[in-house]
Amino acid sequence: MEPLIHPLLDEATVSHLRASLLTDETSWQDGRKTAGYQAAEVKNNLQLKRYSKTAKENSQLVIEKLESDPLVKSFALPRHIHGVMFSRSGIGQGYGMHVDNAYMSSGRSDLSFTLFLSEPESYDGGALCIQTLQDSKQVKLPAGQLIIYPSTSLHAVETVTAGERLVCVGWIQSYISSNEDRTILFGLNAGARALLAEHGRSPELDLIFQAYTNLLRRLGS
């Protein structure tokens, strides 16, 4: 399944988030405290304490944006968005190659997301590297954009060599656990919606939407 790269937050919302997060200096802690056994050995960053007031308020803002975004809903078919946290990496910090846990305390991880909150020119290094079968995809997006990718992927964050990287990360438990099935449904839904926008409703299109809905019902969990 190819990742989805998508603008989620406008400039004003990003500025509000960044100011709120960076003002609360007392709530940041060693990121290894939230990592699994395998990942803790290669994790070197700071994370906002998940149950702090700042984390709760801003996590809810991000979740609401994700839940109301039509493209995110069509791509991810989210049943539960969970584990949302904020991390920052300064000079010398990063996150070595690892795979996310299959199950968090808050739910199953089918899809992972990273929402960038720092402009790419404000720091050097810090790219998200997602391992594919033959190579590695490097991602460093403008502030407000996010990438959603399968949680089954090996991935890493390059060491930051200048500036500071600020992101929001989290996981999605999808109604469809299979990446392949989710890709098929996403393509079918996108095609049907494009036909609807161009030609309007028709009996033939009703059959396509019926097939999509029944496939979702059959494949869903």
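Numbers here mean position along the shown chain, with the first residue as 1.
Quick reminder: no glycine exception, Cβ is built from N, Cα and C everywhere.
Feature annotations, reproduced from Swiss-Prot:
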- 80-174: domain 'Fe2OG dioxygenase' (DOMAIN)
- H98, D100, H155: Fe cation binding site (BINDING)
- R165: 2-oxoglutarate binding site (BINDING)
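Annotation for H98 (Fe cation binding site): spatial neighbours Q38, A39, V42, K43, L154, H155, A156, criterion Cβ-Cβ under 8 Å with sequence separation of six or more. Across the domain 'Fe2OG dioxygenase' (80-174), DSSP classifies residues as 3 helix, 56 strand, 36 coil.
Taking the centroid of the Cβ atoms of H98, D100, H155 as the Fe cation site, the other same-chain residues with Cβ within 8 Å of it are A39, Y95, M97, V99, S112, S151, S153, L154, A156. Note: the Cα of the residue listed as '2-oxoglutarate binding site' and the Cα of D100 (Fe cation binding site) are spaced 20 Å from each other. Ranking the binding-site residues H155, R165 by C-beta neighbours within 10 Å puts R165 at the top. Mean pLDDT for the domain 'Fe2OG dioxygenase' (80-174) in this predicted model: 96. All protein chains included, D100 (Fe cation binding site) registers 21 other Cβ atoms within 10 Å of its own Cβ.
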